[in-house]
Amino acid sequence: MLSLDEAGRGTLAGPVAVGMVSFDVDTLEKIRSGEVLKGIRDSKLLSLEKRKLFAEEVKKLAKVWRVVLVSHKFIDRYNINQAIFYGINRSIPKNLSPHPFLFVDGNYKIQISKPIEGYFSLPKGDDLMPSISAASVLAKTYRDDWMEKMEIVFPGYGFARHKGYGTEFHRNQIRKLGISRIHRLSFLKFLREEIVKEELFPDDPLS
């Protein structure tokens, strides 16, 4: 059994992250009884401190885990849903035997390119099923760390603070500083058309 969830679906900048985790039967029973990972839930509802503690515990307990980042360029080219599906496929280990059954947060009809037994997508699964919560925690902590590093590369946008989400501060900084190389152009429709045009076609003699 593999459990999967994404982080960063609605951000204006940066990649979307897909977390995958698998626990053995004994560990799943310990999770069910509250012996381990007690209180784990949707990563967005956990404090930063608890997320980091849970992330380290998940990594120690998991039989296998992985986080895949799918770039803003992929999102702009194919759309966010296709980016998530691509990340799900990338996160599934090759040549698993027996073929795994997937539990995925959300309400998706997914095309899986690797052999699987089947899948079940569960709306709000990241707050209902602890193994999906674990995948959520891995995805969010990994992506948040990546966005904090981007604060150094692209100072002024506040990436370390909002992680790319469309806060008022972030939107104002985009208007002030322009579009960075990690912003999702397809998510910036709130900007005035001339700002987007200037960033996309800076040498356009007609602009």
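Cβ coordinates come from backbone N, Cα and C, glycine included.
Now, the feature entries from TrEMBL:
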type: BINDING; residues: ASP5, GLU6, ASP105; note: divalent metal cation binding site
type: DOMAIN; residues: 1-199; note: domain 'RNase H type-2'
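Looking only at other Cβ atoms within 10 Å, the busiest spot among the binding-site residues ASP5, GLU6, ASP105 turns out to be ASP5. The residues near the divalent metal cation site, meaning same-chain residues not in ASP5, GLU6, ASP105 whose C-beta sits within 8 angstroms of the mean position of the site's C-beta atoms, are LEU4, ALA7, VAL18, GLY19, ILE84, VAL104, GLY106, GLY125, ASP126, ILE132, ALA135, SER136, ALA139, in sequence order. Per-residue pLDDT, averaged over the domain 'RNase H type-2' (1-199), rounds to 94.
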